[in-house]
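This report refers to the structure that appears directly beneath it.
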């Protein structure tokens with residue numbers, strides 16, 4: 001379950017904005033549930049009691065309710081946010097993974113009822129975002145799910161010995177019903193994405209315990225690490241350097257690859273073998289146009305602009321390679337809005353928005369004798385479902401691949417960071433319009 005984040009970028013005030021990728025999230029891609037609720041809220045406010053005379057919003061050309069013929073003729077808009085299908089898309093992906101666990105769900109003897117585990121932090125604050133997914137998962141797909149705090153992984157789950165069951169099923173025992181056991185088909189990680197969470201050998205053992213089980217991991221440890229900033233930096237490289245993008249997208253036309261590359265902001269490694277990044281980072285003149293990113297998830301970790309040279313000089317040189325230097329994305333300068341912050345204050349003025357697009361993908365190695373499904377049953381309620389299986393030369397078979405739904409976060413322009421949970425930005429909705 002992925003989320004690819006983008007911002008509008010302008011090279012000068014007179015140029016048309018383009019989309020640039022901020023990052024690609026491979027673990028705990030959050031706010032799909034709450035983003036749908038916010039879109040519903042904004043849709044209600046923008047159309048109540050009627051689209052032409054909403055109470056909550058004044059007449060405005062972007063809402064399609066302006067009485068000014070000049071502005072009304074220059075803009076065409078629905079006047080309300082487009083539908084957000086994130087809940088449908090994300091739960092359809094989980095359901096596809098549940099189905100792919102096997103035609104005979106339980107690998108236990110005797111067979112056990114099956115479930116999906118939501119792995120959460122012990123002090124979880126984002127409960128209702130997760131609840132939107134788990135509720136829809138049961139309502140639409142009839143798949144039960146349970147929340148498992150990280151500290152309880154080893155206490156509440158077990159794997160039979162190899163002699164007892166070589167299939168390695170992950171068995172979950174709910175604390176509310178110690179006599180009942182479930183076999184876990186999917187472990188959905190909403191925790192364990194940052195180094196600070198691996199605070200003891202017990203937590204490391206718990207991650208290893210889940211990884212060696214037969215349950216589908218969302219994500220596996222390898223997929224988790226593939227979302228690091230270093231991997232993203234490597235994928236942005238282009239000829240005459242290594243063309244890693246073409247390696248992963250064989251058979252695509254050069255124009256298609258160029259279109260994809262156009263969304264990448266320039267990124268640089270800080271290693272002795274690639275001195276260009278170091279040169280840009282240490283010069284105050286060029287550092288002012290860049291951001292320094294560590295291999296971390298969540299907001300509040302980046303170093304910006306003129307703070308970059310002094311920061312690098314404050315740490316040992318052999319630690320520089322832990323960071324990636326990225327050219328700053330420069331959003332349009334004149335966007336204005338009112339933002340309700342997490343502390344209850346309302347910020348009014350220039351704002352910046354970040355758009356995240358959700359997607360789900362399920363694959364398996366064709367080197368193993370396993371049984372799966374294309375997920376067509378799970379996709380019955382979701383029109384943007386994947387095509388049939390696609391076998392690639394790499395020995396992977398794609399069982400499910402679909403996009404759907406979005407997350408929009410808006411913050412004051414003076415803020416560099418953008419995390420909602422970190423308190424920097426707020427959930428928002430799109431308004432689509434055509435300018436004539």
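Numbers run from 1 along the shown chain.
Yeah, the Cβs are placed from backbone N, Cα and C, and that goes for glycine too.
Per TrEMBL, substrate binding site is recorded for 130, 409. In the three-state DSSP assignment, the secondary structure recorded for residue 409 (substrate binding site) is strand.
DSSP assigns residue 326 (ATP binding site) to a strand in the three-state reduction. According to TrEMBL, the ATP binding site annotation covers 229, 293-302, 304, 326-329, 354, 411, 417.
Per TrEMBL, Mg(2+) binding site is recorded for 297. Cβ neighbours of residue 297 (Mg(2+) binding site) (same chain, under 8 Å, six or more residues apart in sequence): 25, 27, 28, 193, 194, 227.
Summarising the annotation, TrEMBL assigns domain 'Glutathione synthase substrate-binding' to 114-226.
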Distance from residue 301 (ATP binding site) back to residue 130 (substrate binding site), taken between C-alpha atoms, in Å: 24
Most crowded position, judged by CB atoms within 10 A, among 326, 329 as binding-site residues: 326
Neighbouring C-beta atoms (10 Å sphere around the C-beta of residue 295 (ATP binding site)): 16
Average model confidence [pLDDT] within the domain 'Glutathione synthase substrate-binding' (114-226): 97
Per-state residue totals over the domain 'Glutathione synthase substrate-binding' (114-226) - DSSP helix, strand, coil: 42 helix, 28 strand, 43 coil
Pairwise Cα distance for residue 295 (ATP binding site)/residue 409 (substrate binding site) [Å, integer]: 22
